[in-house]
Amino acid sequence: MRKWRHREVNLPEVTQQDAVCPAPIPGPGLSAAGLQKIWGAIHCQVCPGAPAWPGSPWHEEMGLLLLVPLLLLPGSYGLPFYNGFYYSNSANDQNLGNGHGKDLLNGVKLVVETPEETLFTYQGASVILPCRYRYEPALVSPRRVRIKWWKLSENGAPEKDVLVAIGLRHRSFGDYQGRVHLRQDKEHDVSLEIQDLRLEDYGRYGCEVIDGLEDESGLVELELRGVVFPYQSPNGRYQFNFHEGQQVCAEQGAVVASFEQLFRAWEEGLDWCNAGWLQDATVQYPIMLPRQPCGGPGLAPGVRSYGPRHRRLHHYDVFCFATALKGRVYYLEHPEKLTLTEAREACQEDDATIAKVGQLFAAWKFHGLDRCDAGWLADGSVRYPVVHPHPNCGPPEPGVRSFGFPDPQSRLYGVYCYRQH
C-alpha cells in the first residue's frame with residue numbers, strides 16, 4: 001500500500017527583488033512564501049514589469065492559468081481522485097477501525113467472496129446477489145468500507161452503476177432507483193437485493209469493496225428463467241433489421257435472446273431452420289436434425305451462425321426471450337368464435353388483457369398450459385400450446401403451434417387472455 005507523507009519546507013523570506021526575478025524554487029511541500037516565489041517566477045518569465053503579488057490585476061488574470069500547474073505539482077496534497085468514491089490523500093482519514101488508519105492493512109489481505117454458480121430467477125421476483133468480504137488475518141476492530149455494485153458491459157451495452165454505499169448511506173442509479181438495497185444483516189455482508197426484476201436485469205454484476213486505497217471485487221451472474229422462441233413477421237420470413245427485431249420482441253413481452261440463451265434452448269431441443277437476430281447482432285439458428293434446407297445433412301447438429309450482420313441493412317427473423325410469469329395465461333371459454341377485435345374485448349370483459357406471444361410461450365414452458373384450441377393473441381397471430389401431444393393436435397412433439405396471421409375478421413378461433421396476479 002502506498003504511504004502518503006506530508007512535509008513542510010522552510011523557505012527564506014521573500015524580498016521585492018526575489019519577486020522580480022526569484023531564485024530557484026524548492027520541491028514538494030510549498031509554504032505560503034514558496035507560493036509567492038512561484039508568482040514571481042511566472043511574472044519574470046511571462047510578463048516582466050507587471051506587479052507579481054496576489055491581489056494585483058495581473059494576479060487575477062493569471063489565477064486560472066496558475067491552477068493547472070499547481071495541480072500537477074507532486075507536492076500538491078488533498079487532491080481527490082475518483083474510483084466510484086472520492087478519497088483524500090490527507091492525514092485526516094485516520095479515524096477508521098482501531099485508529100491506525102491506512103497503515104492497518106499492511107500485511108493484511110482484503111478478500112471478496114461471491115458465488116461461482118449462476119443465479120436463476122424470474123421476471124417480477126426479488127433476488128439477492130450474495131457478496132461478503134473478510135480480512136486475512138482477521139481484524140479485531142471493524143473498519144468503515146465503501147461498497148460499489150455495477151452491471152458489467154455485455155454485447156456492446158455500456159456498464160451501469162447500480163448502487164454505492166458508505167456505512168448506512170447509499171445511492172442507487174438509473175432504472176435501479178427504488179428497487180435495490182444492501183443486505184447488511186450480518187457483519188461483512190454486502191449482498192445486493194434487487195426487487196421487481198425486469199427482463200433487462202439479467203447479466204453479470206460486480207461487487208467491489210474499497211478500504212482506503214485497497215479494493216477487491218467479485219462477480220455474480222444473474223439469469224432469468226425463460227424460454228426462447230423464434231418470431232417472424234406477418235409479411236413472411238426475413239423482414240426485420242436488428243432494431244425492428246428488438247421492437248417486436250418488446251411488443252411480445254420479451255427481449256432479443258442472447259447466444260447463451262439460444263444455445264441452452266438448442267440443448268433442450270429447439271430446432272428452427274430460419275436464421276434470426278441475437279442480442280449481439282449476430283444471426284444464427286439452432287438445428288437438432290440436420291437436413292438439406294438447413295445447412296445440409298452432412299453437418300452435425302448445433303447452432304449455425306452467419307456471424308455479425310449490419311444492424312440496419314440486413315433483414316432476418318429474430319429470436320426472442322420471455323421469462324416466467326407472475327400472472328396467468330388461460331384460454332377463455334366463450335360460447336362463440338371471435339374476430340380479433342371481439343377477442344380483445346372479451347378478455348377485457350373478463351378483467352384481463354389479450355395474451356402476448358411471449359406470455360403464451362412462458363405459460364406453456366413454466367405453467368404447463370396444454371390446450372388443443374387455437375386462439376387469438378395480441379399480435380394478430382393464432383396459436384395454441386401443447387405439452388402432451390395427442391391425436392388431432394398437430395406434430396408428435398410438445399410445443400406452441402402456430403396458424404400464422406389469419407384474417408382479423410374471421411370467426412374461427414377463440415382467445416388466450418392474461419391476468420396479472
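Just so it is clear, glycine is given a Cβ too, placed from its N, Cα and C backbone atoms.
Noted in TrEMBL for the protein shown:
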- 109-225: domain 'Ig-like' (DOMAIN)
- 227-322: domain 'Link' (DOMAIN)
- CYS273-CYS294: disulfide bond (DISULFID)
- 327-419: domain 'Link' (DOMAIN)
- CYS372-CYS393: disulfide bond (DISULFID)
For the domain 'Ig-like' (109-225), what's the model's average pLDDT?
-> 91
CYS372 (disulfide bond), Cβ-centred 10 Å count of other Cβ atoms over all protein chains shown, is 15
When a 10 Å sphere is centred on the Cβ of CYS273 (disulfide bond), how many other Cβ atoms does it contain?
-> 15
Just going by other Cβ atoms within 10 Å, which of the disulfide-bonded residues CYS294, CYS393 has the emptiest spot?
-> CYS393
